Each structure stands twice: as C-alpha cells, then as structure tokens.
Amino acid sequence: MTMAGGRKGLVAPQNTFLENIVRRSNDTNFVLGNAQIVDWPIVYSNDGFCKLSGYHRAEVMQKSSTCSFMYGELTDKDTIEKVRQTFENYEMNSFEILMYKKNRTPVWFFVKIAPIRNEQDKVVLFLCTFSDITAFKQPIEDDSCKGWGKFARLTRALTSSRGVLQQLAPSVQKGENVHKHSRLAEVLQLGSDILPQYKQEAPKTPPHIILHYCVFKTTWDWIILILTFYTAILVPYNVSFKTRQNNVAWLVVDSIVDVIFLVDIVLNFHTTFVGPAGEVISDPKLIRMNYLKTWFVIDLLSCLPYDVINAFENVDEVSAFMGDPGKIGFADQIPPPLEGRESQGISSLFSSLKVVRLLRLGRVARKLDHYIEYGAAVLVLLVCVFGLAAHWMACIWYSIGDYEIFDEDTKTIRNNSWLYQLAMDIGTPYQFNGSGSGKWEGGPSKNSVYISSLYFTMTSLTSVGFGNIAPSTDIEKIFAVAIMMIGSLLYATIFGNVTTIFQQMYANTNRYHEMLNSVRDFLKLYQVPKGLSERVMDYIVSTWSMSRGIDTEKVLQICPKDMRADICVHLNRKVFKEHPAFRLASDGCLRALAMEFQTVHCAPGDLIYHAGESVDSLCFVVSGSLEVIQDDEVVAILGKGDVFGDVFWKEATLAQSCANVRALTYCDLHVIKRDALQKVLEFYTAFSHSFSRNLILTYNLRKRIVFRKISDVKREEEERMKRKNEAPLILPPDHPVRRLFQRFRQQKEARLAAERGGRDLDDLDVEKGSVLTEHSHHGLAKASVVTVRESPATPVAFPAAAAPAGLDHARLQAPGAEGLGPKAGGADCAKRKGWARFKDACGQAEDWSKVSKAESMETLPERTKAAGEATLKKTDSCDSGITKSDLRLDNVGEARSPQDRSPILAEVKHSFYPIPEQTLQAAVLEVKHELKEDIKALSTKMTSIEKQLSEILRILTSRRSSQSPQELFEISRPQSPESERDIFGAS
C-alpha cells in the first residue's frame, strides 16, 4: 500500500537541465562550458564527445570550451578567432573547423555554439555540439586516387560514421524504435530561446495534461466513486427485478452517468501517473500507452449505453407482459406467446449486459489507495462493501423466488416458494384473473419484496437468522447455505478483524505517518526555518518512496553472510559494471567491496559536501545529476557514471573539500568510506594496483581550481582606466594633513634650535653654499663672495679698500647676507665642528628664506619655476655644494679665482685663494661620519612617520567620506622649498 508521498510522486523542484539535454541529444556529441569563468572551462562532456575525440571525460574537464587543446598546425587561425569572439559576445553561431583527436588524427567538425541562460536571463553555460563532417570535405592529405577511389573513400567514411553512431546509441528495450533522430540539432537551429534553462523548476506538465494529485482530479475521483456505487446498486436491481426504464427521468439520469464515465475515460488519457521509480510521468504518449494496456477495455465495456438500446425495444409488446407496474413482473403472468417470449429474451439479454457495468468497480480497486488515506473513509468503505454484498445477495434471492414461483408444467403457482409465503403473510395473495387479462395478479409489491430479500440476506450474512423468512425449495436452501458461508467469512473478516487488518495492511503507512508526525513536531519545537523544513519533509517523502518503508539494513541482518554478500553485489551491480576499475576484481574482492558500499538518496538542493569538510568517502553517481560549486561558480556538472571524492590510495592525509557538491535532481549515490576502501585494497594487493591505475575521478575535491571571473577582469580594467583618467590628488592649504606636516616641521625646528645652542657656528656650510677660507700671507687686491644655492645667485664683490685691515678670510655668502654673518656668537661658533656647522648653516638658510616664506601661495609657482631654471641646483645627496659647483679640492691651489670655474657668471671673475689641504680633509671626514649617523636616525624616524601618516589618512578618509574625492585628496604646494626638503628629504 502506497502512502501519500508515493501516490503523489516526486514533485519537488529539480534542475533537469542535464537530463533534458541528454534526452534531446540522442546521438549528438556535446560539451558544456561555464560562461562566467575566464577561458570558459568545460564542466560536462557526454560519452559521444569522449569517443569522438578520444579523450576521457576527466581529461577534458576544466579545459577550454573552445577545445583549443584539439587545435593543430592545420587549424584555421581566422576560424579560431571567430570561435573566441562568439564566446566573448555570448552569441549563437556555427563553424566548420579542422581539429585533432587525441591520437593527433585530423578531423573536420561542424561546431554549433549556443548560450544557456538561467532564471535571471544571465548566460551561465555554453552548449557546444560537434558533428564529424570529414567525409564531406576535401581530403586533408594529398590523395592521388580519383573517380571510384573518391567514391570508395566516401562510402568507407559513411560506413564508419554509422558504426560509431550504432556504438553510441543507448540500449533500447524490445519493441522500441531504435532509429531516433536527434532533436538537439533542431533546437539549436530554431534559436536559443527554446533551449532548456539552467535553473531549479517544478516538474512541468503540458497544458492538456492533468496532474493526478490536483484538487480537480481528486474531487473528480470522489464523484466517480459515488457514481460507481450508484451503478453497483441499480444494475443488479434492474436486472433481477426486470424493470424497464419507462420513466424518462431515470433514463436521463442513467444516460448522464454513462456520459460521465465516458468523460472519465477521456480524462484518463490526459492524467499523469506515478512511475515505478516514484517519478511523475507526464509524457502524453506514455500516458496513453499505459492506459490502453491496463484499464481502457474494462472502462469502455462498462460505459456502453445499454439503457438506450433497451429504449428502442417495442415498449407496447413488453408492456403486455409487465402487467401492473406496481406489482412483480413475471410471477403473476400467463405464459406469453412464442414471439413474445423471443422478444422478451432479446430484451433480457440487453438487460443482462448491464451487469458489465459492474466492471466500474475496477476504478475503485485501482484508486483504493487514494481513499484509504483517511481512517473514516476506510471504515465507510468497509461498511459499504458489506452492504453492497447484502444487496447483491438480495437481488439473487429474489431472482430465485421469481423463477420458482411459476410452474411451467402445470401453469400454476407453487405454494412452497418464499414469495408465496410472503404474499400470504402480508395479506396480498396471488389471484388468477380469468375474465379479464387472463393473468395472475396480486402478490407483494416490488418494494416489499426487495426489503424482505435484503432482510433475509442481512440476517444470513450476520449469522443471526430469525426464521420468519426461510428457504423451502432445494435451490433456495442451497443458496441459503452459500449465503451463510459467505456471510461468516465477511463478518469475520470485516467486523471481527478490523484492527488486525489495519495493523497488517497499513503497518508501513502507520509507521510512515508516525515518522512524519514526529518530524513535524521536531521542526515545530525547534523552530526550524521554513525552507529547511520543506527540504527535510521532501527528503523523507522521496526516501520513503524509493525504499517503500523497508529497512534494508534490517533485512540484510536477517540473511546469512554469504547471502548478504550476494545481495550487496546485486544492489551495487551498476557500479561494478560501468566502471573499468572493477573489471579485474575477483569475486571475493567484489563481495568484500559490496559489503562496504552504502546507497544514499539525495533530494534536489541537498549538499553532499560542504567546502572545508573532510573528504572521507568515494561517491559513484548512479542516477540524477549534481553540480560542483567553487567560489559561487559552477565548475563541474556530474551525471550518471561519474565519480567524485579523493584519491585515498595515493594520499596519506585526509583531504579537505575545496568545493560544494549539491544535488540538482533526485540522486542515487553509492558511497564507500575511506577506511573501508583502504582496508580492502590492503588485503587485495593485486586488485589495488589495477584499481589505482584504472579508476579516474571525474572531479577531485582535494584540488582547488584557480580561475578568474570575467566580471572581475572587466571590473579591474574599468578601475585601472578610471585611475588613469583621474586628476592629480591635491590637498587644500587648510587640510588636516597639511597642518600635520607643518606641525612636524615646527617640532624639527625646535629640536634643531635646542641642539644649536651648544655647538659652534663658524664652520663651513657646504650644503648652503657658504665656504670660509683663510688667506695666505700674500695680500690680494680684493675678495669675492660666490653664492651657491637653488635660487639664482648674484656674485657680490668687495674692493680691498673696503675690507678691514685684518681680514684673513674670503667669505662665500648669499646675496643680502651681509648683515647675517657671525656676530657676537662667533666665539660659540668657533667651538662647533663638522655636521653641527652644517645644521647651523641650515638654520641660517631658514632665516634667509624669510622673504620666500612671507610670500603668498600665488607667487610660489613663479618662484619655484625661477629656481628650477638655475644652472646650479642642490641635489638630494649629502655632498657639499663645492663639488657640485665645480670647485674641486685638488685644484684649490691654482692661481685663478673660482669664478673661472663657476657656472653662475662667467664674465665676472674673482680670485680664489688656496687653503690648507689637511684642514679641508679633516673637516670633510668629520662631516661624512656625522652624516652617516644622522641618516640612520632620519631613516628610523621617517619609517615611523610613514606608518603614522597611513593610519591618519585612513581615519581622515573615513571621517570625510561625504566630501568629494577631489577635495579629500587635493595636495597643495609646500610653503617653501626648505620646508618641503625637511619633510620629504629623507624619503
């Protein structure tokens, strides 16, 4: 007895895309590629393509859908580019292209490419079909044969192609048409709009097909049940009591009932049914064939209009023998003439054919599982069956009495008939009307006779028997015995063992409903989400439909070990026959493996593996289809015959799944655990080598596929172009980052001022361009001041007369620095050495740049531009300005002045007096040593400053997100070149 889920069938939404493509393709060779991953990797290839190309399915998985791995030296480059453009533009197109098989045999293919869309109208897959057209193309290699040679070559090619097609053709059952044409090519020619979509959808039915579990069909079945009982009651009554439908109302009612049953036959040709595997069959052809083979003939015979045939009989002739319509028909009649008896026989024949209508009870029998799902309905049906049996027995009991009351030999009434006794008891005896109609009249009415007959059969069936109506003749006694026997059986079966019947017949159903109630209570108690609850309920229904409530493990435990192993081999026979890895296994090895296999049933949407879970099982797909999802992209579609998991026999560690494996349809998987498989392989060493060599995983969950999405590539390209076209980032003068730089500069100036208090100021300032040299005892006519700095310099000459008498130095100073020379602090400056003097010079340079700092931001670009035009500039190195100004230390003793070498003003020349060489070398070494130490300290500080700046910029960016990007990242020019060097000099 089937339960509600089995009666309804498996109706959960499924992704039947792969099944639809395979069903439509027949002998077509095709591959499926992911349209959302770079290079469009292959996620599925059918057996036809594998045999045509020579590659195994595992070898072509994840390769490009353009089949670039099959290109060769003779493949046309333009066609390759057209194929790639078709993929990039998501178009439908077809090409003729020369490609190479795995053994490098060149073959001409006719390739058709079609995009597959999902429910969001987004292209997610590419369908590529391949047809071998080598026989219809020019020979690839030079062939000298002509004429009949070409014809022979063409014939040979066509013959081989037909042989391949016959090999690729699936096995068909006996009587099935083998020569099926592929519908996939026709679909591709019509366009991509009618291609199946890759999405979850409920089982679809054609518009003229009715679901057997819909509300309309359920209501119709209950109406048919009521009309069937109506037929089962009236047909025996009309046949037994020989009533003629002279009443037009009854004739119309019976005709309407016949029409309804004819309509039911038509509906049965358009109603789905549940297949042997629990699936809903909605194919019109299969529905028609199934109905014609089962109940069509019986339903047709039960719907013939027998009342209409009887209506055309001679009503007057028949009425002559009927007598009073309120009395019984033939029990009180004189024997009719011969021709009347013949007409009566024909009428009785058609009346007897009404019994065929009782075949309508077959509708109740085949739909009994629809009605017994409800306890009250079962009880009502049982009572109705008992009452219907009593009704039939009453009709037969009256027919016996009607036959026995008239004596054919003496033409008299038998007074030992139960009808005669009934007539005498109720005071309506039979009387012969000799002067009138010449017939027997009187007797009990039909209603009294039927009620009395039903009373007698009921008392006999229940074994009560009051005795007021008793059989008298031999035939009546025999029938009474039969009634008692049948009654005892019915009474004991229906009333005495109702509980036992329910327990035996509906034990699985009760267990099924008990389990469903427990699951519903559990889901309600723990408030499981609605979507997950529906998945759980659908899984339970589908699993029960497949197993019929039978506990396989419990049954196997009952059987002995040898028998259990044989059963397991039979249950896993599909895996052992389809995969070559098991061909060399011995019987003992197969039995050991079969004992370890488990059968798993999965509903649509179930996840077999989650990403990150341990892969501890090897799974073989027996039926259904699954998808492998990595990073929200479908990287593989698995179907019948595929294997996924991990190569346990080659890896020492337990793998983690790199992808999700989700069922698209109802799937049956045969699973073997890692430990169990390794145990068998360790024991059967010879088989282990063959198994590891021949078993090829369609998808290895241990390996992660590295790919780039086309959408990511496009987004990166757009961002790169956007950054390329963006304006330079500029900070406004009052920006917090700008203020932060000024604050760092002020702290540095304060630190330098503190260090300057204890050092000498009279040392050479190489970086600022001021060099102090001692004169020799030779008198000179004049002294020169040469300015070496980033701004344009102007040499200022002092005549000898204007210089003090005790002047021993020639000073190189900046313009306008006459009043900025050493003053009262000269004694402190004399104590300072090396790099301290350079720092002091830096401080003086800051004083010199007061004018530039006072300038507005509007005049800053012009001054910077003028400074950029200077011939002599300060570099980023720590070398002195002397070397940059071409004042070489090895030439200081020459008699010419430094203006001879100065690039500033060549026309103004001044004398340059030599200084002691050892003093300069000592100063330079000291400067070099201090520079190294300061550079290290500055590098450390700049590293920490950069980290702080990065954090500050991140905070400011988040706080000022409401501002425009141009305002946020706008950087203004520094206030002066010196401040810019102070901040960014170390970088």
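Here, residue 1 is simply the first one shown, and the rest follow in order.
Any Cβ shown, glycine's included, is placed from N, Cα and C.
The domain 'PAS' annotation in Swiss-Prot covers 14-94 and rests on sequence analysis.
Taken from Swiss-Prot, the feature domain 'PAC' covers 93-145.
Residues or ranges marked as phosphoserine in Swiss-Prot: Ser972 (among others).
Annotation source Swiss-Prot lists phosphoserine at Ser976 (among others).
Residues annotated as phosphoserine in Swiss-Prot: Ser979 (among others).
Among the features that Swiss-Prot reports, motif 'Selectivity filter' is placed at 463-468.
Under the heading topological domain 'Cytoplasmic', Swiss-Prot lists 1-220 (among others).
Marked as topological domain 'Extracellular' by Swiss-Prot: 242-248 (among others).
In the topological domain 'Cytoplasmic' (270-290), helix, strand and coil residues by DSSP number 7 helix, 6 strand, 8 coil. Per Swiss-Prot, topological domain 'Cytoplasmic' is recorded for 270-290 (among others), and the stated evidence type is similarity to another entry.
What Swiss-Prot lists as topological domain 'Extracellular' is 310-345 (among others), and the listing cites similarity to another entry.
The topological domain 'Cytoplasmic' annotation in Swiss-Prot covers 369-377 (among others) and is backed by similarity to another entry. Looking at the topological domain 'Cytoplasmic' (369-377) alone, the prediction's average pLDDT is 59.
If you look up Swiss-Prot, you'll see 400-448 (among others) marked as topological domain 'Extracellular'.
Residues 397, 400-401, 403-404, 414, 416-418, 421 of the same chain lie 6 or more positions beyond the ends of the topological domain 'Extracellular' (471-477) yet place their CB under 8 Å from a CB of it. According to Swiss-Prot, the feature topological domain 'Extracellular' maps to 471-477 (among others).
According to Swiss-Prot, the topological domain 'Cytoplasmic' annotation covers 499-987 (among others), on the basis of similarity to another entry.
Under the heading transmembrane segment, Swiss-Prot lists 221-241 (among others).
Summarising the annotation, Swiss-Prot assigns transmembrane segment to 249-269 (among others). With a threshold of 8 Å between CB atoms, the same-chain residues lying at least 6 positions outside the transmembrane segment (249-269) that come near it are 210, 217, 220, 223-224, 227, 230-231, 234, 287-288, 291, 295-296, 299-300, 302-305, 307-308, 311, 360, 363.
Under DSSP, residues within the topological domain 'Extracellular' (471-477) fall into helix, strand and coil as 4 helix, 0 strand, 3 coil.
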